[in-house]
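Taken verbatim from Swiss-Prot:
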CARBOHYD  104  N-linked glycosylation site
SIGNAL    1-23  signal peptide
TOPO_DOM  24-169  topological domain 'Extracellular'
TOPO_DOM  191-235  topological domain 'Cytoplasmic'
TOPO_DOM  257-419  topological domain 'Extracellular'
TOPO_DOM  441-487  topological domain 'Cytoplasmic'
TRANSMEM  170-190  transmembrane segment
TRANSMEM  236-256  transmembrane segment
TRANSMEM  420-440  transmembrane segment
């Protein structure tokens, strides 16, 4: 009996111990699962850094209670290369870093100065004012200042001469020159070629200069017109002009169709000068950002106008966060001035947004550290290595990819003369061949005429050319008729 009770007691004790062990293991596994990825625990002999950052898409974002984004991936790569552990904290006041009215620094710069953080890994612009109080590494991203707009608010209305837009001014000028040159060549070749004159009594040529102009214009509209060329040389020029006009019309129709289907690319606001001259849109930037101080310190008259506008209306046009700025652009007549690289992402993810072409104030995003920090040099070298190996480009493509980019049309632009250079060259070769053929035809007739009237071929050729180019009428007597008259 005692042995039986002792056996039962041992079994129960073993079961309880196993259950407690399994529960402890489950709790440890749960702890491992909820451990956020912004915390890399201290390891043996590894220094630990406190990293301050700011929530901004796609640099740092919250996903399922964890931080992710471009800067988080960059931080992981740097920690792996330099062998340090880190703890990420979001900046308390939600600001990047500027001097407050009291003379103290706010944002991430202030946290580094107060030693609340060791480094700042964020889209933090390298400026001279910040460089005076903290140190920056080599920039990991290059950017500038651009204008973010909503397409519907700045689409340019079609002008009265919108039909001329498919070709640039230079192309239209080249086309007009090609038309006039071709008609002149038609007229001259028809005069020089004996086959284009009606014989035997009175030679008559239907290719007057006006008829040549009409013939060229008819080809531009794909319409057959009279007179019809008879000489081989004239037909060469006519054929090459027809081919030229067919290819030209195809290019015009294709580009005009692209123009009509991508009218949103024709922006009324292309530059900051356009922005300050218009009155339809309000514009502003992030309060306390480096962009605001760029315009404040600039000596450029246009930049000063931008700053004065924002300073007078700072309570209304300056925004607190980047997300607020994008939302305001989408919902109201508002243009946001900020980092061009962030605007590219907004335009990629919101297909009704677009960035104006002009970008000013080239700058870079760097990692901020305390002055005289030993980590500044190490982090700079690591950033350069990541750039050389293409890892920074990989991160850029990873976090800036968007379906909107694949759907967007290619930017439209008028056709330049360079795009049609081969076409104009082909026309020039055809005109040259036509003139050469006319000279050959005239020389053949001169050779036959020289045998009948006992003169040299060169003299007959010269007389014929001068006669055909001098006569004002479109009819002339043949050599036989003129010879009888002289007799």
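Backbone N, Cα and C atoms are what each Cβ position is placed from, and that goes for glycine too.
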Item to check | Cβ packing number for the residue listed as 'N-linked glycosylation site', 10 Å threshold | outcome: 10
Item to check | the topological domain 'Extracellular' (24-169) - residue tally per DSSP class, helix then strand then coil | outcome: 43 helix, 42 strand, 61 coil
Next on the checklist: As a test of reading the model: what is the averaged pLDDT for the topological domain 'Extracellular' (24-169)?
Outcome noted: 82
